[in-house]
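Chemist: The structure follows.
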Number of protein chains: 4
Amino acid sequence: MSLSSVDVIRIPTSGPGDTSGLIKLIETGRIDPKSILAILGKTEGNGGVNDFTREYSTVALAGVLASRLGISTEEVEHRIAFVMSGGTEGVLSPHITVFTRTPLPASQARRTEGKRLSIGIAHTREFRPEELGRRAQIAETAAAVRKAMTEAAISDVADVHFVQVKCPLLTSERVDAAEARGAGTVTKSSYASMGYSRGASALGVALALGELAAEPREEDVLRRWDLFSAVASSSAGIELMHNVVVVMGNSVSSSSDLVIGHAVMKDAIDAAAVRAALGSVGLRADGTSNAAIGERIVNIFAKAEAAPDGLVRGLRHTMLNDTDISSTRHARAAVGGLVAGLAGTTAVYVSGGAEHQGPAGGGPVAVIARA
Amino acid sequence: MSLSSVDVIRIPTSGPGDTSGLIKLIETGRIDPKSILAILGKTEGNGGVNDFTREYSTVALAGVLASRLGISTEEVEHRIAFVMSGGTEGVLSPHITVFTRTPLPASQARRTEGKRLSIGIAHTREFRPEELGRRAQIAETAAAVRKAMTEAAISDVADVHFVQVKCPLLTSERVDAAEARGAGTVTKSSYASMGYSRGASALGVALALGELAAEPREEDVLRRWDLFSAVASSSAGIELMHNVVVVMGNSVSSSSDLVIGHAVMKDAIDAAAVRAALGSVGLRADGTSNAAIGERIVNIFAKAEAAPDGLVRGLRHTMLNDTDISSTRHARAAVGGLVAGLAGTTAVYVSGGAEHQGPAGGGPVAVIARA
Amino acid sequence: MSLSSVDVIRIPTSGPGDTSGLIKLIETGRIDPKSILAILGKTEGNGGVNDFTREYSTVALAGVLASRLGISTEEVEHRIAFVMSGGTEGVLSPHITVFTRTPLPASQARRTEGKRLSIGIAHTREFRPEELGRRAQIAETAAAVRKAMTEAAISDVADVHFVQVKCPLLTSERVDAAEARGAGTVTKSSYASMGYSRGASALGVALALGELAAEPREEDVLRRWDLFSAVASSSAGIELMHNVVVVMGNSVSSSSDLVIGHAVMKDAIDAAAVRAALGSVGLRADGTSNAAIGERIVNIFAKAEAAPDGLVRGLRHTMLNDTDISSTRHARAAVGGLVAGLAGTTAVYVSGGAEHQGPAGGGPVAVIARA
Amino acid sequence: MSLSSVDVIRIPTSGPGDTSGLIKLIETGRIDPKSILAILGKTEGNGGVNDFTREYSTVALAGVLASRLGISTEEVEHRIAFVMSGGTEGVLSPHITVFTRTPLPASQARRTEGKRLSIGIAHTREFRPEELGRRAQIAETAAAVRKAMTEAAISDVADVHFVQVKCPLLTSERVDAAEARGAGTVTKSSYASMGYSRGASALGVALALGELAAEPREEDVLRRWDLFSAVASSSAGIELMHNVVVVMGNSVSSSSDLVIGHAVMKDAIDAAAVRAALGSVGLRADGTSNAAIGERIVNIFAKAEAAPDGLVRGLRHTMLNDTDISSTRHARAAVGGLVAGLAGTTAVYVSGGAEHQGPAGGGPVAVIARA
């Protein structure tokens, strides 16, 4: 079995256009641009439709990597999965997380004890607009998850701890194109299509990982909140028409220094779940040492959302009725405060829009830490 | 020594005009309107200059109590301290907390074991506009704190765990009135005056409680962030020109079922401080039972603010640069998420604007719980 | 034919709870509280779901009128139509407009030259939740418009220049109640139901006034933007389950000093339509005298909305993609700037949410002025 | 006298990163990249501190021009003045305006009738942080205006109709650097420094153009609102430490097809001033033909601000008390609605922050149109 070395590096940014941290790590040899598989980032926009910090950050990073790799930015964006999550509300600190993988030559290969962090990436085929939020997106995503697991050399679904999906959304042009062919889309609203696409993608993950009793039906999307994946995290973006799936788990084929674990927050204040996620990678969240914990954490990945029934543990929240601040911003701020408090660091990846990603009002929380 | 019975009742609200919970508790005899000393509330506005939910809530509650007590609303507002804190960002749940005190007849007086929750209230004299944010406000607040301690039968400053101050702000009319007399105010901006008034009030609390090495100078207000009170919480309101001081602590003269304790958050993610505050009233925040903790808590009172240096534990936050959402909203959402997570309940009192209330970027956190 | 005297008084407010202007006019005899038919107001909230300034203003005004009329606030709210429109973006100035009607004794009746301002009010029956946004609401509103025209002694639909409708919205309780009876509502979203209710109400007005070629079908609501009323203005509120219709027009039976006219803005920058509306009541908007025009205007009533196709005269607008500011706030600010600029006064009634009220992206604009 | 040909091309954009319109005009030969003097843009951010659309747009445009001109992006940003104004509230449509100048060979030179649009650019020296908002910035800006007038071959100040200044702001690093040298800055707040820098720059323009009775004193900045320039428009940006001055006026040395004129809005609803500005370049704003006017306009440039006394023509506005939306956004939306309505087009340049640029609450409005 061939081994690979997987690394994850978190880099603070001073703005959405700041690539200086990445450049420095490339120049010092800490990061080999050829080894980069994916970059997940938190950028300081509003996380909504008019959040251009995601696009700006992707353009800036792809530009740097294009010049370093001697390829075009289009090729960079095809080779590397860029997932920018807008919104650093409250204490959240803007940063990027770079995922690298290097095959180890047999001579260098040194078996680590136990399973270690492994990453696999796969793409679905291009979708037609009318397929978003529907059966095709679910099924194709499931197939891509299985493919990415194979690439990551993870055979047991129990070893999968986080699946980041980047998925398309509808624009009026895409809706029109579908209608011109006589095909209706699941919604005509761009904003609403983001939820459908995220939700169907998450159900695809759940399907691949055996988290559902039966194959989900199209009409379950955004309705049957009891159907969800405990490890899916999906983000919709305008720049693609297929899904990109990044599977993260532990594998015997990895000689990484890192491990990953996860838990599921049942609601937005589920401190016990955050502690369980920390505990799953050997970090004691005993309430006295969160600064120390922060040192060992490479990053935490969590999804946040406002409970759709308007309640957290029986008490009313006001996130869904606020016409001034969108509920995703509220949810990221609150869950970010809790996760950062327990983890002892604020450069954590808390992302909004958790349809079928964890239970309603809750969400997955995964931790990558030094073994 | 005469004993008094002090009670604290938290009541969820369905909107800023909702008084039904209070009415019901009055009608069932749970609350005697004559015993009400103070009502602290979280209302669902933006907590800024144009947050009318505070005023609406006060008007509605005062109206109910006026009819029950057979006095005018002006008399109600004079007798009872209403402190409405706007902003229920993230998971925070709108609610009011009613503080009552009933003198116990000697026959009924039953000594409790140890010190129990006691509350005292005092008012300063009216301030002139030019006194806000300056020496007079500091000194008069300090005197009022000492008076309120006496009323609460608390002699040791170590027994004081939370001091809520309601203080005035400047309006253009007030600035003009001062200038017409040839007196300059500390600022001409209404918004900025809120910070000066809160800050000077907090320094007055610190002075009274012996938390400062020397008497603070006028120029220290909003500058010397190392000077602060560990228990002060101040809110500025347009409807008064004097300070109202509510001292909460533990006293041997109280036969309350409740106790109060506190800790100081060093920064906005200081989970250890929240746990210490819970621990100070006997609640084990060991990370497994936050729902159970929520049951025993009457309420938590915390102040939150964006660290003025733009950093939380060395990492950049974006709260102070956000032109879309004010930093106080960000801070309440994040600290609210952490406090609610550790406390297991979202109807907690997290208030913004923590000048000289705890260290820069941090703030006091007090817990009232059943003994 | 009996004559009535109709008056309209615009009163600036210093906040949503400010009733001092109304009280003063009552005390000086300028307004007889018994003659008040309706109060339309612009309050300084966000105009969205969590805009409590509308409710606060209504409660405050109804409280004052209850004490003056010696009846309960419930009776006041039944007798007088309160329509509070939230949102004073840009230059818009908070104010209320009080509409009064007094029957004139035959002896006093003096015929004015030509038709003068007349007002009629009618209520529909209570709706069931599942009727909102559907045929019943359309038909019942049409019937109420005809009834209100009769009350206003207006027989020709060409004399109707503004029809303000206050209509219900759905809450989760109302949706649940319908579903418990096996009836489905047009939407489950409170926010979306406001649009359906406003839209169906406007189509009801259009039907009554003969503005449609055929009776509108249920599926036309929020879809057939070519169907609209040129004089309808509808606002959804949580506090009622029926429609209240206020018809404003000119009638030979009125001896008012005032007249009303209107035009239809084709898009959000249709300056020509605003000028035409001013011209219809004899005000020359010739571009040099807008301060003078402001003197003669009693008020202007306009509806504003972001063009659903994302374009104004072929150029892209960004109102529908802004996650920070709702499109209704953008639209009120822009149309308010134009209307105030041409009218020479900022205390104008520009209201958002113009479904089937004027063409898509445009809206009715009516002017009441001294004859 | 050598003639030059000056052109101004307005290009709609589909987002802050959209350079396709510029590229197309370069490729079709309509724009020669070597002739570009300045690009003024409206981008769809919030116009505040965290508006990254300005930077993103500049980076994208400079990147395109660098590759077309065969120079570095740094050289592009030095050669061409990029002034991006964030905020397309209400009907405002994102776009860029490209200013070009080509010297005409004597053979080609054809005298036009009367004066035509001419543009001159000049830079001040670098400022030290402590000079911002103070005498040095005023004086150096005035000198640069004179230099730019010479470059534009405009000798009479009456021929200057718009002076766009791009000026620096303070950051905490810059404040620290000054303090390390023992020098105090005019303010420590980044946000406040923008106002000081804009204000001092505008006073520099006023000084150069003889609009002031006496040389302004340092203490007049942001205090003496009666001192202002009728043609200054200044924008603060983080990327430079000197002022860039773009003077626009009419000159006999220009053979442009375009002319420029201006007027001064006395307040935010000064429709007469907008009409006067249109009239100054021969456009009849007679109230019936705003679509036709839109055809002939190349662009309108206006500054907007909330009146600091809280009133527009005696009636209260709420822009300065809104904690949800900054006053600059309100002001741009309202003035944008009025200007677009009278001009018949929404791709107009309305910019916020008008300190000493026109009277308090008002601002300059300039029009470039085909002669």
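Here the Cβ of each residue, glycine as well, is placed from N, Cα and C on the backbone.
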Chemist: Name the residue, out of A:Arg174, A:Arg217, A:Arg332, that TrEMBL lists for the same substrate site as A:Arg54, A:Ser85, A:Gly86, A:Arg198, A:Ser235, A:Ala236, A:Ser351, A:Gly352, please.
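Modeler: Same substrate site in TrEMBL: A:Arg332.
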Chemist: Say you check the Cα of A:Gly358 (Mg(2+) binding site) against those of the recorded positions A:Arg54, A:Lys166, A:Ser235, A:Gly352; which is nearest?
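Modeler: Result: the closest of the recorded positions to A:Gly358 (Mg(2+) binding site) is A:Gly352.
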Chemist: Can you check which residue among the recorded positions A:Arg54, A:Lys166, A:Arg332 has the largest number of Cβ atoms within 10 Å of its own?
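Modeler: Selected residue: A:Arg332.
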Chemist: Find the shortest Cα-Cα separation between A:Gly352 (substrate binding site) and the recorded positions A:Ser235, A:Pro359, A:Gly362, and name the residue that gives it.
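Modeler: Spatially nearest to A:Gly352 (substrate binding site) by Cα position is A:Ser235.
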Chemist: If I take the alpha carbons of A:Ala354 (Mg(2+) binding site) and A:Ser235 (active site, nucleophile), what is the distance between them in whole Å?
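Modeler: Cα of A:Ala354 (Mg(2+) binding site) to Cα of A:Ser235 (active site, nucleophile) measures 9 Å after rounding.
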Chemist: What is the Cβ neighbour count of A:Gly358 (Mg(2+) binding site) at a 10 Å cut-off, with all protein chains included?
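Modeler: Counting Cβ neighbours of A:Gly358 (Mg(2+) binding site) within 10 Å gives 30.
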Chemist: Per DSSP, how many helix, strand and coil residues does the region 'RU C' (A:258-371) have?
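Modeler: Its residues divide into 37 helix, 33 strand, 44 coil.
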Chemist: Radius 10 Å, atoms counted are CB only; among the binding-site residues A:Gly86, A:Pro359, which position scores highest?
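Modeler: Top count of Cβ atoms within 10 Å goes to A:Gly86.
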Chemist: Which residues of the same chain, at least 6 positions away in sequence, have a Cβ lying under 8 Å from the Cβ of A:Ser235 (active site, nucleophile)?
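Modeler: Residues satisfying the criterion: A:Val83, A:Met84, A:Ser85, A:Gln164, A:Val165, A:Lys166, A:Cys167, A:Arg198, A:Ser351, A:Gly353.
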Chemist: Which has the fewest other Cβ atoms within 10 Å: A:Thr328, A:Gln357, the recorded positions listed?
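Modeler: If we count Cβ atoms within 10 Å for the recorded positions A:Thr328, A:Gln357, the smallest count is at A:Thr328.
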Chemist: Quick check: which same-chain residues outside A:Arg54, A:Ser85, A:Gly86, A:Arg198, A:Ser235, A:Ala236, A:Arg332, A:Ser351, A:Gly352 lie with their CB within 8 A of the centre of the substrate site CB atoms?
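Modeler: Close Cβ neighbours, site residues excluded: A:Gly47, A:Met84, A:Gly87, A:Thr328, A:Gly353.
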Chemist: Between A:Glu305 (Mg(2+) binding site) and A:Gly86 (substrate binding site), what is the CA-CA distance rounded to a whole number of Å?
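Modeler: Rounded to a whole number, the Cα-Cα distance is 14 Å.
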Chemist: Measuring Cα to Cα, how many Å separate A:Pro359 (Mg(2+) binding site) from A:Thr328 (site 'Important for substrate specificity')?
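Modeler: So the alpha carbons of A:Pro359 (Mg(2+) binding site) and A:Thr328 (site 'Important for substrate specificity') sit roughly 16 Å from each other.
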Chemist: Can you tell me the three-state DSSP label for A:Arg54 (substrate binding site)?
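Modeler: SS state of A:Arg54 (substrate binding site) = helix.
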Chemist: Mean pLDDT over the region 'RU C' (A:258-371): what is the value?
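Modeler: Within the region 'RU C' (A:258-371), the model's average pLDDT equals 93.
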